[in-house]
Every structure is written in C-alpha cells, then in structure tokens.
Amino acid sequence: MDALALVVWSMALGTIAAVAGARLADVAARPSLSRLRALSYHSSVFLLVLVLSGVLPQAHPVSPARLHALQVLAGPLCVGLSNFWIHGWLRAAQRDRLMALGLRVSALALPLAGVAVLLLVPRAQQLPAAAAISLLGSGLTLWLTLRGWRMGDHMALAMALGCLLTLPAIAGLYALAMHLLPARLGLQAALAACVALSNALTGVVLWRRDRHAWQARQQSARVAALDPVTRLENGRSLVLRLVQALQRRQRTGRDGALLAVMVFDVERIATHVGAAGVNEMWVTLAARIQRQLGVVNPVGRYWDRCFVALVETIPSMPWLRTVGLRVATSLRHPIEVTGLGGVPMRVWADIGVGVVHLPPGPLEAEDVLHAAQALATAARGMRSRAAMLDPATESVVAVECATLAPRRGWARSRPQALASLGS
C-alpha cells in the first residue's frame, strides 16, 4: 500500500470512527440497548475496514497467517452481527415471520460459515469463499430490509440504501485483500467513499430510529401524567410538582399557595345527566380553575372529586383572599352539559375551595394536601364556599373573614397548624 492509498483509507476509517464516537457519547448520555447495538455496529464496520483495507499491517505488525485468518472471518462475522442487530431495529419478530426467520438464521449461519471456510476450504479459495458468503448475507439483508419498507416501515428505505452501498463496499474490500483491485488511487478513493457513506447513512437511520423511540416514550410519559377526562395533570404528577416546589421554596424564601377544590354530591347530578354529563362538568370545572389561576400555574385532578392548583409565588397575603373568592365564584356559576336524553341541561356544582398559604420553611407535602382538602370540606358550609386558616387564631374561617396581616412567629407555627388540620 502506497502513502496516498494509506491516507485515503485512514480518512475513511476516521469517518467511521467519528460516527462511532458520536454514538459512544450518545450511549454515555442516555444509555439504552438500541444505542449500544448501534455503537457495536459501527465498531464492527471499523474493524472490517481496518482488516480488509490493508491498514492494519501498516499500523501494527501482523503475521501473514493471522492477517489471512482475520480477513476470512471479518466479512461473515460483521454481516452476521449486522443481521442480528437489524432484526431488532426492524422489529422483525413483531412484523413478519419470514423476516424474523431470515435475519435470525443468517445471524447464526454466517459466522459459522466463516469458521467452516477457514477450517475446511483450501487456503487459496478461502478469501473468495468468505467474500461470497458476505455478499450473500448482505444481499439477504437488503431484500429483507426492502420487505420491511414495503410493509410500512418508512425508515427502512434509507437503511436499505445503506445496505445497497454495502454490497460494492464488501466486494471491493475483498478484492483489495486478494490484490485484485487495480492500484489506481481514484478507484480506491471511490471505494473508500462508498464504505464511509454506507456507514454514515446507516448511522443516520439508527439515530433517527432512536430519536423517534425516545420521543414516543416521552409522549407516553406525558400522556400517563394526564388525567384521562380533564387532560390536566393527575395526582402522581401533582404530588411530584408539590414536592419539588416545597424544596425550591426553602432555597428561594418565596411565599406560595395551594388550592384544593372539592366537589360534593356528584351522585345527584349523575342521576340527571349520566356519566357523560358528569365528565363534561369535570372538564368545565377544570377549565375554569385554570382560567382563574393562569396557564403558568399547574392545575390537576388529585382524585376524582378533588382538583388541586399550585401557585409557587404569590404577590401578597391579601391575594389569597382574592384568588379564593374568585375561584369559588367562578365554579358556582351554572354549567351547560348534555342530559340523558341528549337535551342540554344546566347544573350547579356543590363545591368547596380550600386555600393554604405556603410560607418559607420546611413543610410536608402530605400535610399540605390534607390541610387543603380539610379546608375545602369546611368551606362547603360557608357562604363564600372558600376557607383558609386564619393567621391570627390558626382556626378555619371563610377567606373574606381571615386576618391576613402578618404577625411575628406565624410562619414558624404554620407547619404544626397544617399538620394538626390535616390529621
């Protein structure tokens, strides 16, 4: 191998190594089995090109017998491993029995065939036999990948194009190993470009598949965090948000608030409007709460008859009175729903709003939630339907009657008051 050819193939190996390095960083950032398989694929391609291109003897002294054995095994092993990984990428087991069988059998048979060639075939015929086995396996991969595309896998077409480029790449590499390729630099540069392009194209497809799967998992996680009726956050997501907010409040020293809205006597409404009408009522109540508090403040359904809203920063203490009255007034307006006979009906929700002030300092999320629900239950018997703890007396009062002027030591006694109210 002359110096210019060595430069060409070193550049091709550098391109393959760059793709493998990017996948290695991806694996380190977000470990997963699919990313690890992609890294293994690019590593096997790197070793295949290193052995067959003739760069290995230039980089490290290797005996001719050992180099010959590596060249015989490199192609069948690389193609067999590729088929094993492609079986997972194409989801062949869930898509098509023929595809799954072909990829699994070839993944096992190709390496065994390479070992058989090395042990049983005369030395002069070993490299041609290994090349034929590798090309046969790559052709099978191309056909099965195209089959996956025809069955609806849109990303399989780009992978099939990468497999198509693999055929001349393997043929050229084995021709180079058998010294059948003319020593023209342009021909070797074209072959090296074909190898690098095939690897890069396959790498892009695998990256897109991983990204698509990651986005699907993220979307599933977002859907799982939503209440199926109101499309607001569910109880688990709300508790997590509250815990995080309480931890942040200890660092920032800001005051916040938690509102709980309890809905009572739902059975009475259900007898007139049915389950579908009740669901319409939940959706309307959720929209009204969110409208009063703004889109920046999380609102969710803690359980089927309790909504919870978290406000991490409040402008002043009197704002608690304002927001409590505003939410309660909005929810007491009539709600248009569809009755059992399909006739529009107006219903009035029996609600109670509990307002809990969140001062700086340690608080338990469980105590806060229990206190808010207890206040909402107590608010049912009040004219305004909104209740909170009076800072002066630490007793449950209507929000319009609460003394909201701060007094010394109230913030320190607040956690104990919330805990006693929740119990």
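Cβ atoms are placed via backbone N, Cα and C, with glycine included.
Pulled from TrEMBL:
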type: DOMAIN; residues: 212-389; note: domain 'GGDEF'
type: TRANSMEM; residues: 6-26; note: transmembrane segment
type: TRANSMEM; residues: 38-56; note: transmembrane segment
type: TRANSMEM; residues: 68-86; note: transmembrane segment
type: TRANSMEM; residues: 98-121; note: transmembrane segment
type: TRANSMEM; residues: 127-146; note: transmembrane segment
type: TRANSMEM; residues: 158-181; note: transmembrane segment
type: TRANSMEM; residues: 187-207; note: transmembrane segment
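Outside the transmembrane segment (6-26) by six or more residues, the chain places 35, 38-39, 42-43, 45-46, 49-50, 53-55, 58, 185, 188-189, 192-193, 195-196, 199-200, 203, 206-207, 210 with a CB less than 8 A from a CB of the stretch. Panel annotation: around the transmembrane segment (158-181), residues 48-49, 52-54, 71, 75, 79, 86, 89-90, 127-128, 130-131, 134-135, 138-139, 141-142, 145-146, 149, 187-188, 191, 194-195, 197-199, 201-202, 204-205 of the same chain, lying at least six beyond its termini, place a Cβ under 8 Å from a Cβ of the stretch. Sequence-distant contacts of the transmembrane segment (127-146), counting only residues of its own chain at least 6 positions beyond either end whose CB sits under 8 Å from a CB of the stretch, comprise 68, 71-76, 78-80, 82-83, 86, 90, 92, 99, 102-103, 106, 110, 113-114, 117, 121, 156-157, 159-160, 163-164, 166-167, 170-171, 174-175, 177-178.
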